[in-house]
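Per TrEMBL, domain 'THIF-type NAD/FAD binding fold' is recorded for 12-447. The ATP binding site annotation in TrEMBL covers 24-29, 48, 56-59, 72, 117-122. Feature annotation from TrEMBL assigns domain 'Ubiquitin-activating enzyme SCCH' to 309-384. The domain 'Ubiquitin/SUMO-activating enzyme ubiquitin-like' annotation in TrEMBL covers 457-549. Residues or ranges marked as region 'Disordered' in TrEMBL: 616-649. Taken from TrEMBL, the feature compositional bias 'Acidic residues' covers 625-635.
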């Protein structure tokens, strides 16, 4: 870590002497860079991989229409230098996980400020900061919700908004509490018995889109057998040489939404206690004349722009819920536009929420399938949010959170960790408080990242391949990018550059072996050592053999555990004692805040605190509820136990 500027004669000098790294130049990043520059910081570095999109312009105020397609980091730097030309801002249009941003790179900074939007990058930065011993200030916003802190982040950015301070050995690291991971669904639910719209989205995105436009060699659970007698094709998705696009599109429609549903209905046992789906064929949805005219409203201008099926068909409102007929029209048009305008990309496409045509195809496919299964249809806007895991942002929340980040960063520069705070930014003021700060928590002794506590993996060692463990556990759940796996003193796998050909070949062979057949067999009670040299992270995994897993509850076919059990904390509520379980499990709503109505030092879960305050407000503070100043911004003093309020009129 760079020498501390805390010895500077004044707070202002400490700020001027600091060298700060910002990761992310999006919604929070724009506000943060502006606030840092106006607060006196003079040496700021920014890393961001993204380029500017039209959808960013409503809240990322440093960008303009003319900047679309350019680097966020570079444009943000140039915009701020226009009104603060005498400071140093260094921008990197790159991925923070690139090799150049290693531990030595991080050591040059006094504090790192995160404004990222994905769990994988957050974990990576957390580990580099721990290795470099540089304080990290985390952040995120979800709509109107926000959180600023010194200590625990109970929820991921995707579930709640946050700002937290993490100092090695003094507060929890970002990973001391498990974060929610993307939910997975059993294949049988997705392919046969969807009951929610998200099931239809997953089917449309991961199966149909991937089958139509992705890697043809990739495994896919869609039924590809044709219902046409005498056909020589083993895959109905293959286009016949003499088949025009209209015929092909209609054939695909009838196969996936009609024939495949009829095949599923043949299993009577499946539908004994379920609503039976209705097969949908194009002839029942669109009359022949409408099919022939589909896409005839294409205008000349659209030919020069990014292809869009809804624009071709004259549909302009993405927030409108289209009828089954309109969804069918857009589906057929999107499929044809992929072959007409983007044929060279077919075979290599992966769904991207910023790909308009891909979103149109997935939305309409999901809606048609939803209609078949009696599931409510969704608008393009809503479906895009589901498919892309998007939580829509609010500019004012970003601004509040950015200000709180800078406040915490200044505390870090002075090295007084007792003053660090985590502050929830609430959508609706509770007892006239919009911001609720708490003290930081100590490091979790069960954290495998900062405390090196062994993990436990339950797995069938006789049927599970090493590849599955690496993909589903080591990379996906543990967030390692370039893992090395050892069993005792035997190295069975290493990822990264610089490997000899024979080494890479041996590791590739090991990937396809079941655990019990590796050069050093993995059986019950075997201990794996997993390392990532880029992150300077090492952890141990104890193996427990298990024969069977519940496909619905444990779709990965293995279970990773090792977090501490729930701890009972005593709190005072309405004059009496009450036990509250503070679980370290990945409970999406498990937030902990300081209950100002309890004794100093006691902690309560956020949802319980809010419920308690609402009950108190309703039963004993009618004047507060009726007060027309409820929407005022209320700040708490640095010591929340004093509960002194400062009102901004």
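Cβ from N, Cα, C; glycine included.
Around residue 117 (ATP binding site), a 10 Å sphere centred on its CB holds 20 further CB atoms from the protein chains shown.
The Cβ of 120 has fewer other Cβ atoms within 10 Å than any other of the binding-site residues 48, 120. Most other Cβ atoms within 10 A: among the binding-site residues 24, 27, that distinction falls to 24.
For the domain 'THIF-type NAD/FAD binding fold' (12-447), the predicted model reports an average pLDDT of 85. Using a 10 Å radius centred on the Cβ of residue 58 (ATP binding site) and all shown protein chains, the other Cβ atoms total 12.
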